[in-house]
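Have a look at the structure below, then the notes.
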Amino acid sequence: MTNPPQPFHGYSVTVTPSNPDSSTPQPEKNSAPPPTMIPGAPRFPPPKLQQDQFPSPLFQNPNLLSPANGVKSSVPHLSTPPGPPVFTSPVRPAAVPFRTSPATPQPVAFSSGSTLPTSSPLHFSNGSVELQHQVSLATEDSKLVNESSCALFSARKVLKQKKLANVQSLGFGALFSPGREIFPGPQIIQRDPHRCHNCGAYANLYCKILLGSGQWQCVICRKLNGSEGEYVAPSKEDLCNFPELSSPVVDYVQTGNKRPGFIPVSDSRMSAPVVLVIDDCLDEPHLQHLQSSLHAFVDSLPPTARIGIILYGRTVSVYDFSEESMASADVLPGEKSPIQESLKALIYGTGVYLSPMHASKEVAHKIFSSLRPYKLNIAEALRDRCLGTAVEVALAIIQGPSSEMSRGVVKRAGGNSRIIVCAGGPNTYGPGLVPHSLSHPNYPHLEKTALKWMENLGREAHRNNTVVDILCAGTCPIRVPILQPLAKASGGVLVLHDDFGEAFGVNLQRASSRASGSHGLLEIRCSDDILITQVVGPGEEAHVDTHETFKNDNALCIQMLSVEETQSFALSMETKGDIKSDCVYFQFAVQYANVYQADISRVVTVRLPTVDSVSAYLESVQDEVAAILIAKRTLLRAKKHLDAMDMRGTIDERIKDIALKFGSLVPKSKLHRFPKELSALPELLFHLRRGPLLGSIVGHEDERSVLRNLFLNASFDLSLRMVAPRCLMHREGGTFEELPAYDLAMQSDTAVVLDHGTDVFIWLGAELAADEGRSAAALAACRTLAEEITELRFPAPRILAFKEGSSQARYFVSRLIPAHKDPPYEQEARFPQLRSLTPEQRTKLKSSFIHFDDPSFCEWMRDIKFIHSG
């Protein structure tokens, strides 16, 4: 399918805000030889037994409701993302028949239910057996019958010629989201899967089946396997009763005496606890915001949720829920790691440090109300904080005495336990400390030691099935490079906020409530023609020896740090040589334990046709998936600010090389025309090079570092929004019109919503703002829309609203492409909405802009000397 420039349709949204006077949410503040796995943290929903379940998106359009990561060799390496108290969403808008721009790409074609002729003219040899009377349950073409949004490929076809298929500037690959929720839910199989005895691949809808014997041919290695007679059938139609032979996505659920299956367990002892680790060195304004967020957080928890509360400063205070009349805590020293005797006295004592909400909600409220601001006259950055010791104590409490339970019986909590650190400053006391001052003579050595200690602590948490999320807020420098390894190695995230207010509260709730599976292992198998050269995502390479079971298992195995919905793996691929076959196969298998203690194996199988025609290949390219894969490979190398500046240059060179390799030469010119099939790609990459990920929009390097780490592990939906902002203009009657993210949208009589992934901006034109009634209605509608489209997003974005000409408006303006300097014909070509304006409105719009040197998209194209065909 071609990806032409999309028309910019208006769409209607009926908005009825439930709280139009609510205040504006406050801002919130990781190419080389053998590829490595680059770590970082996707949610697996409980399996669905019904096959008729469909989502209920707010706009009834998957393209609108999107909540929602390069190093080479034959053995790849792997290179995680971040709301008030449960701020209830306003009334949901009506269904909207519109297409997003950029649009969510179509997943790879899967077919199901149709068949090949019973007697195939092709004979596949397995050394001694010829498959002559075989059937396949998949059609030979690739028409979409059953879509899987788990796997998104940069193209829906593969070039047969190695030289063109492996052009690095464009590349080929896939984004795989193991925990992404699928609608309708995947089919459930409660038995062991049939797997290839040679390579370990799973039986699937593309396998050839011998009806008489029930034998099936593996699509990966082409070896013949038995099915213990299970696939023996009188006709091919009968095979459709097997879910794995009729659906591209299936979940194998292992149940038995050791597992309660996927039925929720009411016993609170089986619920994974959440431990809050709270900074005790906050000034009064920050503490007041934090207390409000903590009170709302406790009110949002279900009755069976178990919670622990720890405070840290120079000491570690572990709060005891057994004392109901007052806030009571046991105190441990913070200057060194807790000794075993102290931990045993704590754990085996009379105190209750983890308690279900139904029994301790009031106690938790008393504890939060008892918090007091920092009293000493010491600057924020110079205060002693033993964050590392506090996390060690939290881990010990979560583990508890379970390993020493009588008869060796250990009850496993469902999913991962979670530690949420609420930090207002750096770790400057105890293990893993960094000096208060960057000018300390021994700072480099202490920083290196702290980095290693924090990473080891994160790995220890991961070994104990505990995720550490670090939510930072305030004005004190947090020393992100020191704390990031702790969150990353455990499978958690680090998020910056401007304060402890609304956005912090929302993220606190979403961090604790997102489901998290454990013991995740991802296996990827491909046809022999395909080589995976790089993996970027929330995991690390796993060395799993399966050769005793499978003779020639060449699967790439990835140990997932946690199993959640909000993340994805970016896979870069190459062809080993010219491809002779008519199609290639990809199989993704994810094994994990879900929150209900069921062992799940999700298997996703994809078939892509191969083509000789370059034009047919380019028409199948999914511009947005290709852009995100390029962006993740690029961001992987942009570790520092200087690296980011260099990477902006590589974007220019990449665009020029794509035009040279796949474009056409302009007659009577040395310029190359960019291939029309990829018309959306240059603008997406232009947004990347000037946006917060690579550009200079973000003021502090810590902020860019946090955004980079979030992006490298983010799901496709969030990644796309972080690269290319989405611009929605408010219209009379509460409707919205989607427009390109150009500064030409800043029309004084309108309101505009700009969704940039981790930030959502609401801009009110000066003329509209002067009319109090219209302004209030537009702001309420925009706020409702902003909350709706980010309702499921983690991290929750900060939402800022401001008027034209205000100081905060610079956040909005800097993210829009400055097209006001372009000639009128170029403006209209790229921003058709201008044609609806009167000459007077055009003149007024033109005069409202302030000149600056940032180039427009058209100017950038001319600078790098290529002609855009869009």
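Every residue gets a Cβ built from N, Cα and C, even glycine.
These features come from TrEMBL:
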- 1-117: region 'Disordered' (REGION)
- 13-29: compositional bias 'Polar residues' (COMPBIAS)
- 32-48: compositional bias 'Pro residues' (COMPBIAS)
- 50-66: compositional bias 'Polar residues' (COMPBIAS)
- 193-231: domain 'Zinc finger Sec23/Sec24-type' (DOMAIN)
- 275-501: domain 'Sec23/Sec24 trunk' (DOMAIN)
- 518-610: domain 'Sec23/Sec24 beta-sandwich' (DOMAIN)
- 624-720: domain 'Sec23/Sec24 helical' (DOMAIN)
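When the domain 'Sec23/Sec24 helical' (624-720) is classified with DSSP, helix, strand and coil residues number 67 helix, 5 strand, 25 coil. Ranked by number of Cβ pairs under 8 Å to the domain 'Sec23/Sec24 trunk' (275-501), the listed stretches 193-231, 518-610, 624-720 are led by 518-610. The average pLDDT the prediction assigns to the domain 'Sec23/Sec24 helical' (624-720) is 91. Helix, strand and coil counts under DSSP for the domain 'Sec23/Sec24 beta-sandwich' (518-610) come to 0 helix, 57 strand, 36 coil.
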